[in-house]
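Record features, source Swiss-Prot:
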BINDING   SER205, SER206, GLY207, THR208, THR209, LYS213, GLN345, GLY346, THR350, ASP431, ARG446, LYS537  ATP binding site
BINDING   PHE253, ALA323, GLN345, GLY346, THR350, LYS448, LYS452  (E)-4-coumaroyl-AMP binding site
BINDING   ARG274, LYS454, GLY455  CoA binding site
REGION    276-345  region 'SBD1'
REGION    346-411  region 'SBD2'
Amino acid sequence: MASASVPAAGYGADGVYRSLRPPAPVASDPGLSLTDLLLRRADACPSAVALADAAAGGRALTFAELRSAVLSTAVALSSRAGVRPGDAVLLLAPNCVLYPVCFFAVTALGAVGTTVNPDYTPREIAKQVSDARAKLVITISALVPKIAGLRLPVILLDDDANAAAASLPPDATVTLYTNLVAGVKEADYRRPPIKQSDTAALLYSSGTTGDSKGVILTHRNFIAAARMVTSDQDERREGPNVFLCFLPMFHIFGLSVITYAQLHRGNAIIAMSRFDINSLMEAVQRHRVTHLFCVPPVIIALAKHGKAGKYDLSSLKFIGSGAAPLGKDVMEVVAKKFPDSEIVQGYGMTETCGIISLEYPEKGQAREFGSTGTLVSGVEAKIVDIKTLKHLPPNQVGEICVRGPNVMQGYFNNVQATEFTIKQGWLHTGDLGYFDGGGQLFVVDRLKELIKYKGFQIAPAELEGLLLSHPEILDAVVIPFPDAKAGEVPIAYVVRSPDSSLTEVDVQKFIEKQVAYYKRLKRVTFVGSVPKSASGKILRRQLIAQVRSSKL
């Protein structure tokens, strides 16, 4: 039974926390696609800059040009590449102007965009392609060697077809993007029947249960998240803002919270292909960037960078951070260095299209370090006791559960994981947290055992599976270890077979060949056994506690 309501926290007598923000209704038209909503902006501000590459002399598109590019690309994908409603199209590329153009073109056809990390190995990419059932790859020539074994048609966003051909079988189908869209007219676009409830994207996340799974996100999920993310700007009647996007567009935050949400409002997106702190500051200066979403290591770099004074960063008025809490000392240093900027933290996950809560300091709330802000409009939450599932009032820690129009439909082709995560309409995040008396959400721990390296999630189960595939390894466990720059790094405790002469370097190289750089083991320790319960479950938290207290 729920306790008495606490209106100041948004906590009702039914045990549900509701947003303290004004309502931000989602478009009611069931036939509205995310691309439809986006392209309305071309009618409202056709000559305003929509997208631009961060580097000097890079490509740029106005909203009118964005509309033309999206629809022309959609026509070409349909008529020349055979993309049909429901087909999955894989995007494998760094951030660039053409990345969102292609994603929006895919969704304009009623097809499904599935994104993948360019740092993935061929094995990891092939696994996702197989699971998503992708029929086409959009990429750049430098990444073609990673997909050479897939035998799928390839569209190259750059013009280096010769380099790409050298890595592909002789009978491979390779088309330059410029050739694909040559002579195509946006007027030839014929919109297929698309509903808000149709799948728009399949983004892969380790989620709440470990192994990577395809998160099914609909047009409605993107539309709802866009309203949630931008409603504060609307309430303050802000003019168009300029957002720098260096967080990867293959990730839900870069794709949904930054790129789609801000474009739908009429804000400009500056696409940065690779993060470098000096390049970031140059881009802020060159494009007069107003809004910067970061992860904690970048915030720390900004706070400590000795050359920040060389650049004119006065245009910045908003610095947002997610993925992990910012320490009070870091927040204070950044606030001093950027006195005219709001320093804001938020919380979200792929399964919620990137957003759950966000700080809004201007609302007069007392600033609480470690808070991820209040629920965005339209999201409801409950905190449940992990043993009894009882709803908990403010200032009591339990599992964070949420529901709202931004919540995923489930995991692709994985009923078991879906039923484990979504129960009676509530998404169980796997995170422990609480709301204070003012409705601010604090995330204090993780039920799930993911390792957070900067903005990336690493599933220990994946690395453990690879370790156990080695013929000389009998048992293994992977846990997070604190790191000042990355937040957490993966380390392993390994049980060797009796006659093995494996070294730490041997194990690290074995893993390095099979995973993206951020999943590489930073340390390997050989032990006689892995601590487990009577039922055989790894006592991971016990091991983490021992390691951090230097007892192991």
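Cβ from N, Cα, C; glycine included.
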Original post:
To which of the binding-site residues SER205, GLN345, THR350 does the lowest count of other Cβ atoms within 10 Å belong?
Top reply: SER205
Subject >> Check: same-chain CB within 8 A of CoA site center, minus ARG274, LYS454, GLY455 >> reply: PHE246, LEU247, PRO248, PHE275, VAL295, PRO297, VAL298, PHE456
Subject >> Using Cα positions only, nearest of the binding-site residues to ARG274 (CoA binding site) (SER205, PHE253, GLN345, GLY346, LYS452) >> reply: PHE253
Original post:
Are there any residues in the same chain, six or more apart in sequence, whose C-beta is under 8 angstroms from the C-beta of GLY346 ((E)-4-coumaroyl-AMP binding site), and if so which?
Top reply: GLY320, SER321, GLY322, ILE355, ILE356, SER357, LEU358, GLU359, THR372, GLY373
Original post:
About how far apart, in whole Å, are the alpha carbons (Cα) of LYS452 ((E)-4-coumaroyl-AMP binding site) and SER205 (ATP binding site)?
Top reply: 12
**OP:** Taking Cα atoms as reference points, rank the binding-site residues PHE253, LYS454, GLY455 by distance from THR350 (ATP binding site) and give the first.
**Re:** PHE253
**OP:** Could you work out which of the binding-site residues (ARG274, LYS452, LYS454) has its C-beta surrounded by the smallest number of other C-beta atoms within 10 A?
**Re:** ARG274
**OP:** Specify the secondary structure state of GLY346 ((E)-4-coumaroyl-AMP binding site) as given by DSSP, simplified to three classes.
**Re:** strand
**OP:** Work out the three-state DSSP category of LYS452 ((E)-4-coumaroyl-AMP binding site).
**Re:** strand
**OP:** Show which residues of the chain containing PHE253 ((E)-4-coumaroyl-AMP binding site), separated from it by at least 6 in sequence, have their CB under 8 Å from its CB.
**Re:** LEU247, PHE293, GLY322, GLY348, GLY354, GLY455
Original post:
What is the pLDDT of the region 'SBD1' (276-345) when averaged and given as a whole number?
Top reply: 82
